[in-house]
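Below is one structure; the comments refer to it alone.
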Amino acid sequence: MDRMCEERAAEDGSDEEDPDATEAPARIRDTPEDIVLEAPASGLAFHPARDLLAAGDVDGDVFVFSYSCQEGETKELWSSGHHLKSCRAVVFSEDGQKLVTVSKDKAIHFLDVELGRLERRISKAHGAPINSLLLVDENVLATGDDTGGIRLWDQRKEGPLMDMRQHEEYIADMALDPDKKLLLTASGDGCLGVFNIKRRRFELLSEPQSGDLTSVTLMKYGRKVACGSSEGTIYLFNWDGFGATSDRFALRAESIDCMVPVTESLLCAGSTDGVIRAVNILPNRVVGSVGQHAEEPVENLALSHCGCFLASSGHDQRLKFWDMAQLRALVVDDYRRRKKKGGPLRALSSKAWSTDDFFAGLREEGEDAKTLEEEESEDDSD
């Protein structure tokens, strides 16, 4: 059993306390404690097998923490200050032995996870600041920069395997199909890009949307592609129809800055208003709030290897953990029957609305109740 799961199960254990014990038992929390940084985090990633969380901040520092539900046991293991400018993305290798980081300083770094030692540096990996990073397999990774450039790298070789520039603006996010053949890119030019990394060729760009595309993820077992945008709208594409959107729906948020899939139908979206919304795809609706960074934009989201926790980072310089149990157990149809028009967002974790009266008046998502109902009735089928 995973250590984190063991700790959570211990809350319900029946072991009797030792009457002679002098020390109070350690408190077991629902989630690990918040981690406070000295600067906002701009990159966030969980280890694929261990209870470790990596973060890169706007000062260029990289941190690795061990996390635990046992109070006082979430600790910094090491930090690295090798980047000269903001560290914008971090990712663990498939075996968890390396941490890859990219930066505004145009460099890619490979760090040893156990020791925090810099093992390799590609100093001028791009001609422009690097903004996004995606692991393809144990040897290959993809990077995207501020001018729309995409590069594919094999860690066993010196130069890039592929170098393309089809977008006119920054690469905000990237995703990969299950066969690891097609690379999908979300760009500031409002287009979804499709690149065949097996044949190392460009496939197509979608029609531009009215705002920047800020995030991209596959849903519905790869049949749908969801893109978040700077205008607070989620755009949906059919897998075989990347040229134009198949559907869209707006959240009451100025911008969707990051998204992470939780199940094949549910994703979490972080927004500039500080709220982390749980969103169901087909039928399309916001089902509640997982958590929040009080009035501070949510920059990054990551899901733990066991699926129990969502981690988030915001401008408040905190890394927060959210319990996913209630969201995973949610039945969307039941939620529809209980939903009250104009009511507040449903809390999907014990901490969802824990800190600020600002959120008490946050209303149900959508342009208005009538429009939301019309969208739901249209979107209930694939």
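Cβ coordinates come from backbone N, Cα and C, glycine included.
Per Swiss-Prot, these features apply:
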type	residues	note
COMPBIAS	1-11	compositional bias 'Basic and acidic residues'
COMPBIAS	12-21	compositional bias 'Acidic residues'
MOD_RES	Ser14	phosphoserine
MOD_RES	Ser354	phosphoserine
MOD_RES	Ser381	phosphoserine
REGION	1-31	region 'Disordered'
REPEAT	36-75	repeat 'WD 1'
REPEAT	82-121	repeat 'WD 2'
REPEAT	125-163	repeat 'WD 3'
REPEAT	166-205	repeat 'WD 4'
REPEAT	208-247	repeat 'WD 5'
REPEAT	250-289	repeat 'WD 6'
REPEAT	293-332	repeat 'WD 7'
Revision key, fill the gap. Between the repeat 'WD 1' (36-75) and the stretches 82-121, 125-163, 250-289, 293-332, the largest tally of CB pairs under 8 Å belongs to 82-121
Exercise for review: Take the repeat 'WD 3' (125-163) and find every residue of the same chain, 6 or more past its ends, with a Cβ under 8 Å from one of its Cβ atoms.
Suggested key: 43, 85, 88-95, 100-108, 110, 169-176, 180, 183, 185, 187, 189, 193, 195, 197, 200
Study note, to complete from the structure: On the repeat 'WD 4' (166-205), the mean of the pLDDT values is 98
